[in-house]
Amino acid sequence: MALKFELLKTHKNARRGRIYLPHGVVETPTFMPVGTNANVKLMTPENLEEIGAQIILANAFHLYLKPGMEVLRHHNGIHDFMNWEKPILTDSGGFQVFSLRKGRKITKEGVLIKSPLDGSMRMITPELSMEIQNSIGSDIVMAFDYCAEPGISHQDAVVALELTTLWAERSLKSIRNMSDQSIFGIVQGAFYKDLRERSAKEITSMDFDGFAIGGLSVGEGYDITLEMTEFTVPLLPENKPRYFMGAGAPRLIVDLVNLGVDIFDSVLPTRVARHGQALTWKGKMNVRAAKYKFDKSPIDDECTCYTCRNYSRSYIRHLFDRGEVLGQMLLTIHNLHFMMDLSKKIRESIDGGYFEKLRGEVLKYYD
């Protein structure tokens, strides 16, 4: 079924919404944990359920390489395969056009890209991307796009934009012919406002179920990220979900909500957890620091996650000191719980009309 989006309340530009999907309802704004290979690193589906995750992201390109479409179809899609009953959004593989650009070849047909697993060259087209995402059975499919790298010239950014539009048309036609999965179009345009405006006009003219802002948070300065987002958001329809691709820092999330964005994803909370960094309501914490050697308090006194209910800073520091994977797992649980709690508090603050106050509290500790 195609998604249904309800805009429940606004507080200035901040939006409180609800997305109805085949595998459940998603309350927005919300953060999506990233499960690239059909798992969120160091988390079981039960862990994700307990922290309150509503929807997760998986990556079509990586799942195409392993386990492959045959295995996914054998399991009737990713939900049965990984034992996750809630909604899933899949990245089309467009980001790999950016991240695996060494040796790639881009044509109107698609992208010839090197597999990070065995070095073989794979031709990814919009049609193949849709076929992969159909075999995955995701609730939300992303159109295949060209995510341009920072520093790209205006001339080259035009080429990337035109390919993104062409591939969006082909993605939409392809997925509509094979399934009733919902699909989001992606606005590109690099860091050029005239191209952002053109891309938004072209992509929103198509019958997508939602829209994403792509090509940002890829290494540019923070001010540029916000400037481009603030410029782009008003160009998107109010009656459809808005997804910013690649936002995981608490500061960025509250700033994007303030601009009218609904959905976010990033590996940041899980990646920093594996390196000993906790996200708390008083800012970041390096639990490997010597000052926590004898500290019997939880990571965050305000947190109700499994980790904070059961373990001390001292113990988690010890686990990292000895290289025990359990330390990474416990911090991953905590960080993702924090992101879900942040999302929930954002929703409550929009409902209650005090979002600016909450945003101010977050910005006080995350600069």
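Even glycines carry a Cβ here, placed using N, Cα and C.
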Candidates H318, H334, the one Swiss-Prot lists with C303, C305, C308 as binding Zn(2+): H334
Segment assigned the feature region 'RNA binding' in Swiss-Prot (from 50-54, 270-274, 355-359): 270-274
Substrate site partner of D91, S92, G93, G94, F95, D145, Q188 (as recorded in Swiss-Prot), chosen from G119, G215, G219: G215
Mapped DSSP class for C303 (Zn(2+) binding site), helix or strand or coil: coil
Position of peak Cβ density within 10 Å, selected from the recorded positions D91, G94, F95, G215, D265: G215
Residue from C303, C305, H334 whose C-alpha is spatially nearest that of G93 (substrate binding site), among the binding-site residues: H334
Cα-Cα distance linking D91 (active site, proton acceptor) and G215 (substrate binding site), given in Å to the nearest integer: 13
